[in-house]
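Report on the following structure.
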Amino acid sequence: MANGSDTKPVPKGPRGARADDTRTPPHPDRRGSDRDQYFSKDRSYGGRTDRDYSDYDRAYPPPRDYDRYGGGKYGKYDKYDKYDRYDRLDSHDYPPRRDRDYDRSRDARDTDSRDYGRLPPRDTRPPPRGGREYRYARDERGWDRDRRDLDRDRDRDPRDRERDARDRDRDRDFRDRDHDPRDRDPKGYRPHSLDPLPSRDRDMPPRERERELVRERDLFSRDRDLITGVRELARSPPPPLRDGRNRDRSNDRHDRSFDKHTRDRGTRDRDTKEKGSVISTPQTAPTPRLTPTNGKPDLPTSQPPAPPSPPRLKTFPKEVWETVGRKNNTRLTYDPELSKDKQKGKRGIYEEVKKGASTTEDPRSKHPHYFKTSSKSNKKPYQRLPVPRFLYDANSIAPPPSTQIIVKGLSSLTTSKTITAHFKTYGELEAVNMVEDPATGSSVGACLVRFKVTKNNYEAAHECLKKAIRGQKTGRIDQAKYRVEPDEDGAKAKDIIKRVAARAAKKAMPVKQPPTAPAADKSIMEKLPTPVPSARPSPKAAQLMKTSAYIFIAGKYLPSEKVFASDIRRILRDFGWFDVLKEGDGFYVFFDNNRDTVECYEAMNGRKVNGHQMAMAMIRLSRVAPKTKESEENATEQAPKLPPKEEARKLIVQELANSLRKDIRERVIAAAIVEFLNPARFTHIKQDPEPSAATEPNTVNASAARVDTPEPVQSSSAIPGFLPRFKIKRKGDPTKKKDATKKNRKKISARPMNHVLNDYYSDEEDSTRMSTPIVPDTSADAAELPIRKPRKKISQSKQRIMDFSSSEGSNESEEEEEVEDDMEEEEDETAQEELQEASTLDTSQQLTTAFGEILDWAPAHGFPQPVTADKKGGALTTISGFQALVKDDEDMELLQEALEGIEPEKINGEAWTWTHKHLNEAVAKENAEFPELAAPNAFVNSTGSWKSQGYFKIPEAAKSEYLPHRKKLNIPIDTLQMENREKKKENASNSRVNRANNRRLVADINMQKQLLSTETDVLNFNQLRKRKKPVKFARSAIHNWGLYAIEPIAANEMIIEYVGEVVRQEIADLREARYMRSGIGSSYLFRVDESTVVDATKRGGIARFINHCCTPSCTAKIIKVEGQKRIVIYASRDIAANEELTYDYKFEKEIGEERIPCLCGAPGCKGYLN
C-alpha cells in the first residue's frame, strides 16, 4: 500500500458492520490507509482504470440479491453502488436522498434536482479529473477524524441522535427558518470519503426541525394584550354581586376553606380552571408543600390560617374594564393565523357586537352538500337526502315551470320567421314575439319565445326550454351567436325596453329655449295704443282668422318700404307661428295655439324692427268654429317646429315642388288632357248647348287680361292632398279679327303625357312603368306631337279657346303623383291620319302646326282702325270688365291721360289684381261648367231678397236639381262611356256563368298544384285576380277619385281585392303621422286585425279609390285564402253599370274637432264619417 501497510481491508456487512464483529479500532498510525489504498498522493485518480477498483469490489461485495432487485443507484440497494463512495463527497451540492419529501420548497428551489429526493442520473465512468466532486479532497481537515468516531456515528441509532440533538426552534443559532438542514454539521467537519456504508440517517434532518403548527411564542404574541389584562385583573378583587342568589360557587369554596384540606397543585388554581374566568375568583397564594425530614411523605396536618385577603374594591380600574369589555363584546374578524394579509398586519382585528344584532349562522348551512370526509376510510360518506321533485299538475300549489325564454344578441333585422325556424327544432312553439322599441317600432335585438304546453304537460315544455338553453353554445341565428335566458313573466324584456328608452333619451339633444328678449321701454309701451285692423283682410287671412289665434301688427308704425314680411318672420322665428301675411293695414301672424301666441306677445311687443317699433294686438282662439266643407278642404296639416336651417330648406323644397307641379300641370298634363278630350273622340256623347252671347267673354279681351295679370294657379276651394280637377272653359270668340296681335297668342303644348298618371301598377293589368327623361329630347317630342292639318276656314261655332285652370292650391301633396292610370293606351285613328297627312309638310310647317294654330290675320297698314266693336252698356265694375274696355295701346294711352291727376296708392298692383280676380274664379268655373244651372228659376224669391223670406228647408230631391255634386250622383259621368258602344254584346255573360267559370279555373289550378312536385310562380298567382269585376277609376262626385263599375254586378258577388303593403300596427301609426305632416290629406290604411294593417297609400291597387257612403253599395270582408288574410270588396246589392262603388268606412264615433264631414250626399247621410 501507499503507507507501507500490508493489511487487506476486512469485508463488512450490509449495514456497515464488520464481518468478524470485533469492532477493533485501527491503530492511530494506520489512519487513512483506506484512502491511500485507492487514491494517489495528489488526491486524484492518477490515471487509474476500472480494473484498479476490482480489489475494492472484492473487499466490499454487494448482497446476493443485488442484481435481482435492480441494483444501481436507483434500485433497492442503491447504497452498494460502486461509485457511491464518490457521491458522498458532493452531499452539500445535491439534495439528500430520502423516501419522503421533507422540505418541498427547498427541493423546488434546487435547480439541480430533477426528481424530489433523488440525484440526477450519472455516467457510469468515474468523474473527470479535477471535477467538483473532488474539490474537498484537497482539504486535509476532513481526514483527521478518528475512524472509531466514524464507526460510532454510523452505527448509532437514529432515535438517540434525535434525543441528543438540540432544539433548533429554541436555539438562537438555529432560529433562522431558512436554514438548510443539510448544513447542520460544523464547518470544519467533513465525512470520510471512503466510508463504504455511510449511515442513511446522516443526511436526514431531525424531527425537531419540523415547524410546530402552534408555538408558544406565537400564542404569546397573539394574546399578549389579553394576558396582560388578565394579570392586572387578577391582582384586584371582583366587583360586588347584585344579590346573594347569584353568588358564584367559587366564593363558597373559599368561605369553606378550613372545612377540609385544600389540594395543592402548585401554582395552578383549580377554581379558575373550573369557571374558565380569572375575573370571577381572586387568586390566592399557593400553599407550601410540607416534606418530612426523613424524605417520606407525612400525614396531612393542620395548616396555619391563610393570610387575610385584601379588601374588595367597589369598582375596577377604567383601563381594565375597557380592555376586558373590548374583548368580550367583540368578535374576531381577521385572524393572522388563518389568513396572511400584509396590509392588515400580524394582529387580530376585532369588531364590536352591537345589541340586537343577528346571531352568527353556521356557514356550513349555506352549502347543502357540505360534509367532512374521513381520511381513514375510502367509503363515501352519506350525503343529505335528495329533495324529491314532483311533477306539476292541476293540484300543484307552486307556480308552473317556466316555458318562456328571451333570446338576446340578435340583429335588428332578424325576423320572427327566422327565430321560429331555429327554435322549432327544440319543440313546438306557442308564440314568438319580437321585443320592439315603442318609440321607433323597430326590433331591439331580443325576442320572447314560448314553448307550447299540450294537455297541461308543463314538464315537456320545460324540457324543451332546457334544450334551447343548452343549444345556445353551438347555435347561431343569421350567422351570429345569441344568448338564451328564462323569462316567464317578461321582466327581462321590460328591462331591455327601459334601457333602450333611457339610452335614446340620453342621446336626444336638449331643446333650446328661445332667447329671452330684453325688456322693452315701458315709457314707449305706454305711448303706443293697441292697434285695431282698419281695412278688410284678404280672403285667406279672413279664413285663417276664424280658425287660428293671431297677432296683428299695425302697419302705421312700420313703413312698408322698410319693413317686409320676411323681417317679421326673421324676428319671430323662435316662436311657433305657421304663417305671416302682409295686408294693407299691417301684418298678421297666425299661431296654432294660444300658448305660443301669448309667449310671442309678451316677449316681442314693443320690440324694434329695422329701427321701428312694433305695436301688437293679440287675438286668442277662444272657441273653435264648426268646420264646414270649405274649411275642411282648406285645412292643411302643419309640420312640427323645425330648426331654422331645416325650415328654410323645407320651404325652398316646397316652393320648387310647387313650381314643378305647376309646370307639369300647365305644360304636360294639360296637353295630355286636351288630346284625350278631343271632341272628335266623343262624337257619340251628347253635346252641351252653346252658351249665349251674353255669357261668352271676348277672346281678345281675355287674352289681353292674361298679359297684365299672372296666371292663376290656386283656388280658394282647393282641397290639399289630391290631384287637381281640370275643367274646360268654353269661350266663344265672335269678334275675332285678323288684326289681332301675335303677341297675345297663347301657345298650347300638345304633347301627350298619359304615362305621367301611371305611377303605380294597376290591379287590372300588368304593365311596365314609363319613365320621363330628365333632358327632353326634341326629336322624340316632335315625333310624339300630333300634327294638325292646315285649316283654310274655321267656323265661328267651332272656334274655342281651351283654358285650363286647376282647382288645387299650391299645397298639393304627393297624391298627385301617385294616381294610377288604368286607361288603355290606344292610338286614335284620326291622329294617325293626321300624322300621315302631315308627313308631306316641311319642318317649319310641322313646328308651326305643332305648337299653335296659324290665325287668319295680317299686319295692318296706314292709319290704325278699331279692331273690335265697342260693347254697349254701362262700364263694368269688375277687373275683367275694366280690362275689357282697353282694346289696344291707344286705349291704354287715353286711360293714362285720364288718370294723371289721381295719386296711386302704395300697393302691389299685380298682387291686388290677382287677389280680386281670384275671388270669383270658383263661381265662374261653376257657371262655365253648368251654365243652365247658374241661376235656377225654381227658387227665385218673390220679394227679391232671401233674408226677407227667412229660413226654410229645401227637400233633398230639389237639391239634386241644382247642386253640382248631387247632379253628378244622378247623372253618370260621360268619360266612363269611352268604350266603343258599337261593340257587339255577344261575349257578355251573366254573373252566374262567371262564377262557374271562376270555380273551374280555381279547381284546375289546385289540380296542377297536386300533380306537380314543386310550386312555380305561375301556380302562386293570385287567384282573386281572376275573379274581380271590370272596374275603372275616375273623378268622383263625392270626393276626389272614385271607383266605378263598367258592367252590372249582382248582389253578393266579389268585386275586387283591397291590395296594399302589409305592415304592423306600430308602423302604420308612424306612417299615418308622416303622411299628415307631409301634406297627404288621405291615407289608405285598412286594418285587418289588431296587429296587421294594409297600407295602400303608395303601393296598392285601384280598390283604394272606393269612397265612403252612408248608404253603401258594397261591403268589405276579410277572408282567408291559403292561410293568408285578404280584404275583399263584395256587392251588397245589385249595382248598375257606370255606378260608383261605395262602402261604409265604419269610423269610431268622435266629438268636437275630430269629426269629419261626410260628402256622400245620400238621402240617409249622417253628416259625418265619425
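Cβ coordinates are placed from backbone N, Cα and C, and glycine is handled just like the others.
According to Swiss-Prot, the feature S-adenosyl-L-methionine binding site maps to TYR1145, an assignment based on sequence analysis. Feature annotation from Swiss-Prot assigns compositional bias 'Basic and acidic residues' to 17-188, 198-226, 242-276, 316-325, 337-365, 731-742. What Swiss-Prot lists as compositional bias 'Polar residues' is 278-294. Annotated domain 'RRM' per Swiss-Prot: 403-489, in sequence order, evidence recorded as sequence analysis. According to Swiss-Prot, the feature domain 'SET' maps to 1029-1146, an assignment based on sequence analysis. Under the heading domain 'Post-SET', Swiss-Prot lists 1154-1170, citing sequence analysis as support. Residues or ranges marked as region 'Disordered' in Swiss-Prot: 1-382, 625-646, 687-843. Residues annotated as motif 'RxxxRR motif' in Swiss-Prot: 995-1000.
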Local confidence of the prediction over the motif 'RxxxRR motif' (995-1000), expressed as mean pLDDT: 72
Neighbourhood of the residue listed as 'S-adenosyl-L-methionine binding site', C-beta criterion under 8 angstroms, separation at least six: HIS1108, LEU1169
Residue counts (helix, strand, coil, in that order) that DSSP gives for the domain 'Post-SET' (1154-1170): 1 helix, 2 strand, 14 coil
Secondary structure tally of the domain 'RRM' (403-489) (DSSP, helix then strand then coil): 24 helix, 28 strand, 35 coil
Residues of the domain 'SET' (1029-1146) by DSSP state, where helix covers H, G and I: 18 helix, 50 strand, 50 coil
Residue distribution over DSSP helix, strand and coil in the motif 'RxxxRR motif' (995-1000): 6 helix, 0 strand, 0 coil
